[in-house]
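> Before I ask anything, let me first share the structure, which is written out below as structure tokens.
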Amino acid sequence: MSRFDYRNTSKNTSVVDPDHSSPIINYRKDAKKGIKFTFMVVGESGTGKTTFINSLLNKKVLNHRYEKLSPTVGDTKTLMFTSAKSVALPNTSILTKNEFNPRTINEEPGIALTETHIEIIDDDNQKLLLNIIDTPGFGENLNNELCFIEIENYLKQQFDLVLAEETRIKRNPRFVDTRVHVMLYFITPTGHGLREIDIQCMKRLSKYVNIIPVIGKADSFTLNELQHFKQQIRIDIQKFNVPTFQFDNSLNDYDEDEDYDLIQECKFLTNLQPFAVVTSEDVFEVRESTTSTKGNNDKPKIIRARKYPWGLVDINDTRYSDFPILKSVLLGSHLQDLKDLTHDFLYETYRTERLTKVTGNGQAFDDEENEDAEFHDTVEHQLNDSNRGVGGDDNNNNNNNNNNASTIPSMSNLAQLTTSTNEHDASHIDNNSITSTSSSIKKSTSMLIDDHPSSSPKLKNISSFTSSTSTVSLEGGEKEGGHHDRGANSTSTNNNNNNNAFKRLSIGPQRNQLRQISETVPYVLRHERILERQQKLEEMEQASARELANRAALLEKKAAQLKAKEKALRQLELNRQKQEESATSSLHRKDSDISGSVQSGGVDDGKSESTNNNNNNRNGYGYGHGHGHGQSHEYDNSEYHHDDSTPNYETSRLQKDETLTDLHSIVSNH
């Protein structure tokens, strides 16, 4: 059967060579599952994060801010959101700002974490599963401490999930590792070095993730300005001790002769940091002139570039942009290095600190000296208890027991102590607990070792026990000062019993400790996460209550102002009505006074006119003339009386004068 033919391997497993089959199986599994890689982009709005991601993957993955929703290839979801005012939102759909709203632009956006899954298949048919974490709202608040806290909590939570899964007795085979392997920090292109927010963010998050600084929109600088900006950033990183990813950390592990190219590449990348990238989502077709034997031919080429009035800037041109180099680092040459450093250094450091805090001990559990000391203390206490429990009539045995009790067990006298106490070890082995003198805590025997000793063919002549630091073998044959009258069978049985006893003494505490950790750590981590969430919810509730109280007070204040305004308007209306009534009454009084004066004036004029007429008649005017003129006078008098009924006093006086003039004219004619 061929070694690559895996049929019927379950029936005849010895035929398959494991050295040749394992790599193929692992490669097939890895090719099917794919390589998982997670990176995070952090930076203020407008530094080019979204355009960088879309350019990195050569497709539309994320939508820009204030851009109309367009179809994307990635599946984006919101992991968490925290408002600047710690007010709970009804849903996360209001986070998407597709249109600019000037009324709400002054509000603090808070911080949100979004996750996008992308699957890439390269030319070798290798699958790459990318997980992209974006941080919209970073750096846009008055107090950006909120952003640092939320990102740090998310990174720690991913470490806690892995730690809880590792310490479980029964692990989940479908567990997904969501740790972030690298963080791309986009520096605002000011040209003056790092700002305070940049230094604080990178120093605070460097404990949980690899950080690579990136300068976005590098085409906004000239070559000299860009080199000066990079130098200022390097000076600030060194001055403020900002830990970033170093490409030359592992140069000592390489051979200068065999790995010369790799060493030079790492040095080049170290001197190139921070990466200055030019990105674009626009695609152009250009003609690339090539010289051949037949003549000059223009070959079309598709590029991603930025268009300016004077020409195009190719984002993959290393003369102006470090984008192709950074892309090769992330998705190629240093992908596995970033993952290994995350797991082997960052996670292990966090794991050690976390377990130390969870268990309450001030020392790590992998300290060999502490384990060895605990083992010897346990052996000494167990032997002292067994010696104190021995009773008999033999004085020599009592003396030996007393001497053994006062003797500290070591590797030299361990065989003698074992032989002297072999008669009573079985009774003490069956106890359910072993007391340690160093901790004074009653520990149960290991559940991984059977309490009933069973003979083994390998332990007939030699009894051995194994600890975490040493292995001791005790010969069960000839012993100096031993008693040969007990026989070979009893010696072999006692040695087997002693062997199991020392196994429990050495392995039992470690197994119990590991079991305690595996049972405790996941629940402690989960309990802490629940407490953190509960505290966060309480803070949000308190903030919401304060916000509602402020809004209620503001509404009450506005209502009081409206009531006062309404009352003032009513008072003004009443005053206006009173003024109108007073003005109307005064006009009526004036009209009545005028009408009364006019009536009194008309009566006086009538009396004077009748007096004048009587005087004229008395003066001897002719009857005919008097009669004729009397008719006209009666007409005028009737007209006068008609006019006298009107209230206009001036008009009546004018008519009276005209009547007198007519009388004078009549007299003059005669």
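Cβ atoms are placed via backbone N, Cα and C, with glycine included.
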> Have a look at 43-50, 291-298 and point to the one annotated region 'G1 motif' in Swiss-Prot.
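Based on what Swiss-Prot states, region 'G1 motif' spans 43-50.
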> Between the candidate ranges 16-19, 216-219, 352-355, where does Swiss-Prot place the region 'G4 motif' annotation?
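Here Swiss-Prot associates region 'G4 motif' with the stretch 216-219.
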> Short question: which residues 6 or more past the ends of the region 'G3 motif' (134-137) have a Cβ under 8 Å from it?
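Cβ under 8 Å, 6 or more out: 40-43, 45, 49-50, 53, 62, 65, 95, 109-114, 116, 147, 151.
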> Among the binding-site residues GLY43, GLY46, point out the residue whose Cβ has the most other Cβ atoms within 10 Å, with all shown protein chains included in the count.
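For the binding-site residues GLY43, GLY46, the Cβ with the most other Cβ atoms within 10 Å is GLY43.
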> On the DSSP side of things, how many residues of the region 'G4 motif' (216-219) fall into helix, strand and coil, could you say?
2 helix, 0 strand, 2 coil
> Where does ARG306 (GTP binding site) sit by DSSP, helix, strand or coil?
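SS state of ARG306 (GTP binding site) = strand.
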